[in-house]
Amino acid sequence: MTNSRQVNTDDPFPEDPDSPIEEQQLTFRAVIVGCGLGAVISASNVYLGLKTGWTFGASLFGSIFGFAILKPLSTAAPKYLGGGYFGPKENNVCQSAASSAGSLGLLFTSGFPALYQLGVLGASPKDDIGRLFTFTICCAFFGLAFTQPLRKFYILKLKLVFPSGVAAAYTIRSLHVGKHAARDATKKTKALILSFCFAITLRVVSEYAPGLLWDWHIFYALNRVGWDWIIRAESWGWIWEWTPAFIGAGMLTGINSSYSFLGGSFLAWAIVGPAIVTTGQAFGIVADASIPGYMNYMDMSLTDPINHPSPRYWLVWPGTLMLLCASFAEVACNWRSLSAAGRIAFQGLMERFHFGSRVAGGTDQKEEFFDPVPEHERVPFWIWGSVLVASIIVTCTVMGVQFQQNVGITLLAIIFSFLFSFIGCESSGRTNINPVTSIGNASQLVFGGVGKGRHYSVRRGELLNSLSGMLALGAAEQASDMISDLKTTHLLRASPRAVFWAQSCGAIVSIFMSAGIYVVFSTAYPCINDLSYTTCSFPTPDVQSWRAVAVAVSSTSLPIPTSSGYTAIGLGIAAVLSVVAKYTVVPPKYHVWVPNFNAIGIGFIMNVCTYPLAMFFGSTVAFFWRQKFFANYQMYCYAVAAGFIAGEGLGGIVNAVLTIAGVSGAIYGTSIGCPGGVYCG
């Protein structure tokens with residue numbers, strides 16, 4: 001790679017002498033537009049999370065679309081109607097509001113659906129909408145407060161990369177600075193709009209012809225022309241899907257995560273799955289008696305999960321343990337930096353209360369961590385501390401009044417939320433992957449033990465460990481997103497205080513958007529919350545993992561098939577050894593080739609192979625695009641990927657509305673190309 005392809009990820013960009021001074025970074029127009037764009041991503045994330053367990057930040061989408069909206073407005077409108085200079089720092093405020101408004105979707109693609117499947121909440125999310133809102137309020141501001149004392153350590157001292165934050169910073173700078181900035185901005189905006197429109201159109205139109213425009217059942221077609229045994233590949237879910245969102249996701253995540261994801265899926269659904277069925281360890285059901293050999297191995301059967309498990313249930317346990325082991329091995333291998341972060345954050349708090357004035361070793365904290373941000377642009381302790389205290393009070397009240405959880409357990413959950421936020425920030429900063437589901441599962445394990453110690457009933461224990469896990473998940477998810485935005489802020493020399501207020505506004509939007517969209521989807525697709533349905537448009541892999549852990553840690557005996565348990569232990573050990581080898585044996589330049597066991601674990605949990613195939617395709621295209629046409633890649637890749645992800649998510653919302661209205665593809669669409677002539681949308 002040539003020097004021109006190296007990018008600065010540590011130091012703030014130099015000021016552009018030709019640009020006007022941005023006297024007002026926090027503006028009404030930037031916050032409103034950012035929150036609106038974040039609302040789109042919030043809706044998209046609930047859709048994508050229910051599909052695959054993956055969600056995506058709004059940084060790139062907010063950066064480019066925010067520019068596309070506000071730049072013309074700044075020149076066309078008078079100042080009192082939103083006109084006036086629009087620069088990169090205000091663009092950062094817009095992007096940060098979008099990122100915050102797009103967060104918290106994972107609460108509704110993991111914990112809450114699992115609780116409804118377990119039957120420990122109300123009849124439906126629509127009936128529980130008040131409780132959904134209030135619990136989301138509990139999660140909305142912890143991460144925002146937690147990131148403030150960690151900014152100096154992770155960004156200024158450790159200089160972690162935070163790839164999404166760096167990508168957003170370079171994107172914003174390229175839109176505003178340079179002699180070709182206007183031309184480049186136009187190109188990127190057009191690419192994003194075109195990819196966004198293409199994705200939303202394809203998602204909606206394909207609803208009415210899924211076998212032709214969305215899912216290609218290639219192995220079923222080969223079976224129909226005489227290749228009899230190939231129907232087994234169809235039975236195990238090997239289908240090609242034209243999903244722009246996950247092609248775009250592959251373009252952003254790179255080859256390590258996407259290749260590992262496909263590798264995990266292949267191992268689970270092409271090797272281990274057929275092996276356990278052949279040896280009688282798991283059992284499928286006949287999918288269509290008219291097609292010899294056509295079986296359904298993808299359903300979650302819970303009739304007799306220990307002695308007669310479905311392959312999907314059997315594979316959940318190895319996948320979940322791989323996620324947990326890989327995540328905590330990463331933490332263990334980076335314990336020094338995590339310990340230092342905790343020590344510095346704690347000492348900073350103690351200094352505020354005059355318990356000490358210097359960090360360990362007698363070094364003045366200001367000398368050790370030079371902060372280029374002027375004092376008046378920083379977020380003072382009294383602001384973020386007040387947000388934290390208010391969040392604690394609200395959380396204790398909501399958990400006590402609505403869920404009958406005592407204050408001591410709630411405070412313990414908040415402490416674990418803070419500790420797990422370190423893990424989220426560390427992982428996101430180093431790898432751009434935040435293992436928040438594993439973080440939530442780990443918190444479930446802790447509070448499962450608490451529930452047993454207090455002799456809670458099984459149902460009460462499931463509710464306790466799930467809600468406590470969701471507090472940790474929400475804090476870790478938001479903290480990693482917010483500190484990634486602060487990385488963008490650092491590179492652009494923008495104001496952390498302006499970004500903090502924009503993020504606060506976005507968090508309010510996220511509360512209502514995430515919960516509201518979840519209600520829309522669960523109304524249109526009841527199978528999300530009800531396991532009695534044999535087919536569902538949403539595989540909900542995170543929900544399966546969450547429910548499995550909730551049941552396991554609350555039951556008097558582990559409901560795990562013996563062979564599945566031994567396999568889980570073996571693969572968990574392999575995950576730990578892989579991570580340890582990466583940090584102790586493998587040179588850093590080869591880390592990209594070390595298998596990502598988080599992604600492999602997701603491949604086991606997810607009962608479809610379409611998404612890993614799509615991400616594999618997207619990352620491969622992006623890899624060769626970067627190698628062969630680097631300048632063109634820099635210009636268009638992020639914009640196209642962001643448009644694909646947001647467009648399909650919004651198209652999914654449109655389809656949900658069409659389903660509720662009774663005019664969906666299931667009623668008016670065609671089943672041409674679908675197995676057995678049965679509609680497959």
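Glycine is no exception: its Cβ is also placed from the backbone N, Cα and C atoms.
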Checking feature assignment: transmembrane segment per TrEMBL, candidates 55-77, 469-491, 538-560. Which range matches?
55-77
Let me check one thing: do the transmembrane segment (565-585) and the transmembrane segment (314-333) come into contact, meaning three or more Cβ pairs under 8 Å with sequence separation of at least 6?
yes
Interface-richest range of 26-48, 236-255, 597-625 toward the transmembrane segment (498-521), CB pairs under 8 Å:
26-48
Mind checking which residues reach the transmembrane segment (192-216)? Cβ under 8 Å, same chain, six or more beyond either end.
61, 64-65, 68, 239-245, 248, 610, 639-648, 650-652, 654-655, 658, 664-665, 668-674, 679-681
